[in-house]
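Asker: Sharing a structure, written as structure tokens. Questions coming.
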Amino acid sequence: ITEPWGLEGAAGVHLVHPSSTPGRSLRLGLDADNYETDPRLKEIRKAENYSWMDIITIHKDKLPNYEEKIKTFYEEHLHLDDEIRYILDGSGYFDVRDKDDKWIRISMEKGDMITLPAGIYHRFTLDENNYVKAMRLFVGEPVWTAYNRPADDFPARKQYMKFLAEEAQ
């Protein structure tokens, strides 16, 4: 399990145990070098209904409109569907908001898979290597729309906030 840690903020560093992280990052015995034929990945895709996937390489020499895309990925936003990413190579960070609206940074590296629930505010950035190759997985047809904060009126956000409130009890 990839350990998340708090980002500097008004309240300082906030440490969070992985089990209380609103997104989850797991090493699931996946073989990132052989993802095309990995039986464990096939099992996960079938069990979770991940019927659609593609590969994105985020690097200045590989991604068209690189600078613009990096800024877009780092803008705090949410999606109306879960965001599932499997890191095939390289590394980066997902930042997510905890129940107190503080940042949690999740380090992602080769072999990690993360699911960010619909309605969670988040952002993505590369680390000092400036390179990541990731599989993007979806249940059904992909929906690429990101809603920048504030986006609190969407049903997905309200449902996520209800989930957080129930988890706190």
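Even glycines carry a Cβ here, placed using N, Cα and C.
Dumping what TrEMBL says about this protein:
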- HIS77, HIS79, GLU83, HIS122: Fe(2+) binding site (BINDING)
- HIS77, HIS79, GLU83, HIS122: Ni(2+) binding site (BINDING)
Asker: Count the other Cβ atoms sitting within 10 Å of the Cβ of GLU83 (Fe(2+) binding site), across every protein chain shown.
Answerer: 22
Asker: Enter the number of other CB atoms within 10 angstroms of the CB of HIS79 (Fe(2+) binding site).
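Answerer: For HIS79 (Fe(2+) binding site), the 10 Å Cβ neighbour count is 20.
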Asker: Cβ within 8 Å of the Fe(2+) site's Cβ centroid: which residues qualify beyond HIS77, HIS79, GLU83, HIS122?
Answerer: LEU78, LEU116, ILE120, TYR121, ARG123, ALA146
Asker: Indicate the candidate from HIS77, HIS122 with the smallest number of other Cβ atoms within 10 Å of its Cβ, considering only these binding-site residues.
Answerer: HIS77
